[in-house]
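Here is the structure we will look at, set down as structure tokens.
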Amino acid sequence: MNQTPPRIVLLVLITTLGFSLPFATASETDRRYSVGDRVPLLVNKVGPLNNPSETYKYFDLPFCRPDSLVIKKESLGEVLSRDRLVNALYDLKFREDKIGQILCHKKLKRDEIAKFRDAIINEYYFQMYCDDLPFWGFIGKLEEESWSLDGKGPKYYLFEHVQFNVFYNDDQVIETHAFSDPSHFVDITEDVETSVKFTYSVIWNATSIEFENRMDKYSRASLLPTHRQIHWFSFINSIVIMVLLMGLLMVLFMRHLKNDLKSLANGDEEEDKVVGWKYIHGDVFRCPPRMVLFSAILGTGTQLLTLVFFLFVLAFLGILYPYSRGALCTSLVVVYTLTSTISGYSTASFYNQFVETGWERSVLLAGFLYVGPLFVILFTLNTIAIFYGVTAALPFGTIVVILFVLTLVSFPLLAFGGAIGYHFRTKFQAPSATKRLPREIPPSAWYRKTPGQMFIGGLLPFSAIVLELHNFYASLWGYKIFTHSSVLLATFIILVILVAMLSVGLTYIQLTVEDHEWWWRSVLRGGSTAIFMFGFCVYFYAKSNMRGLLQLSFFFGYNACICYAFFLMLGTIQVSMLPWCLLTTYIMLSRMNDLSCAFGADIFLLYVPSNAMFIKYNHLRFSVL
């Protein structure tokens, strides 16, 4: 079959990414300073330490502010990442030390005192950027009643001095530290107007670290021995589960296939030779019910798998790195938009194998299958964010841009891919005639039914990735920096292999009890891992210190979107990888000492939604030596 269209799409995707994402890497040429040059420092946001989604603009608290605020022009990814960068009164000049520099004198009113006191109670932090390097500090401290000297209750102290320690190499800024000096504070326990003198100091220090390595400090926490041991333990745990599952599947196949082969070899009558799965040869290739939805799921799942693949490529190329402002969100939008062609092609190519008309509905559904629920959730979260006044609220202009990209770029590419899939369609030819009426499925035990197989098919892969999943959530919803892209990729590959192997075993068990409705059950079995992932989200939230309606909504809303994406991806893997795994398994069994395999004219039918390649098979004829 001609494979030119997918290659062209892949080439266009890589080329477009190369031109659309160069901003994410640091450039040496535009960050060189002479002594006395002003180093840009921008303030970003403030928020409670335990609620990472609850962030506010820096000047929502009554800090010293310039006469005119200059809002930095941000990219789409920076806006989606909740960055709101503006100028500040801090004046940092390259290699010029400052001690006790006055920022401003401010007389705090009662309502401003209450704002600062509430921020101290909730452990607010601030975030700034110096020469595009992020740093953080706390706003104040709370002294509990048991620690106060007068015994009159807790004390609230506002830090009024910020210490900047900046490291440089030659004419470039390498590293920035900032902390609120706990020895300079003002008591704001009482609701009275208080005069505060905000000050700051800047100390410049030389370092031998090269400019291209200046982001390495953000990954040091994940390279500590304890964290490395956790990652390795997680990886070994996944490998062990995969090997054990592979051994169990081999024992299962050997045992059941031997019984079938013995029955086939010892039968005297032709009807005695029909055993197990051979009863349903006229039903197993029946067109899947609800074909429009089924094709859309396979197309969307293939698109999301391609998206994950390209994110790993960008991470290994160094485009995605810790605190690369907006790079991840921009990559998600750009890659998802461009891979709409793959979704349309996969959907139409599968749909047209069984049905000649109506593929447009399936392609259209594929365009809304993930984006539709995603927009409903994001719209709800954006409404909540606007009500609370947090930086997660998207500006109207950003919403218009996203709708513009979807309408004028994503959907045309989706339709283009669907047209290619329809043009290069091939007719599905079952190796055996499909009966007009489906065979009645006999009753079976609970563990052979859909809920039982979903539980087994989801629990085993989830148990192999749960430790690494915890690290991922700690990075996503905490302040742990995740930099082990290779470990994350290896874990994802193991997850794919486990889902594929379980697809082989559980489908074989299903067919041996003459249950021929395997299409949708394969999708549900693969996607059930995502259900366990969402269950783990509930456990993670219960064990965390996150609280409040805002954080609750964002936590479960975003995790629902992530788990739904995994449901589509893993369900697609179940259907796509099943034939390939069956082929490998049968070839391995045919090479065993006690089995020989003779293949008929039409031997293997393998369907791969991503490229619609067909290899036909009819049945296997085994004989016992």
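Every residue, even glycine, has its Cβ placed from backbone N, Cα and C.
What TrEMBL records for 1-26 is signal peptide. Among the features that TrEMBL reports, transmembrane segment is placed at 232-253, 292-321, 333-351, 363-390, 396-424, 445-467, 487-511, 523-542, 554-583, 595-615.
Between the transmembrane segment (523-542) and the stretches 292-321, 363-390, 396-424, 445-467, 487-511, Cβ pairs under 8 Å are most numerous for 445-467. Long-range contacts of the transmembrane segment (396-424) within the same chain: residues 1-2, 5, 9, 76, 79-80, 333, 336-338, 340-349, 351-352, 359-360, 363, 366-367, 371, 382, 612, each at least 6 residues beyond the stretch ends and with a Cβ under 8 Å from a Cβ of the stretch. Residues 230, 233-234, 237-238, 241-242, 245, 491, 494-495, 498-499, 502-503, 506, 509-510, 513, 515, 521, 524-533, 536, 570, 574 of the same chain lie 6 or more positions beyond the ends of the transmembrane segment (445-467) yet place their CB under 8 Å from a CB of it.
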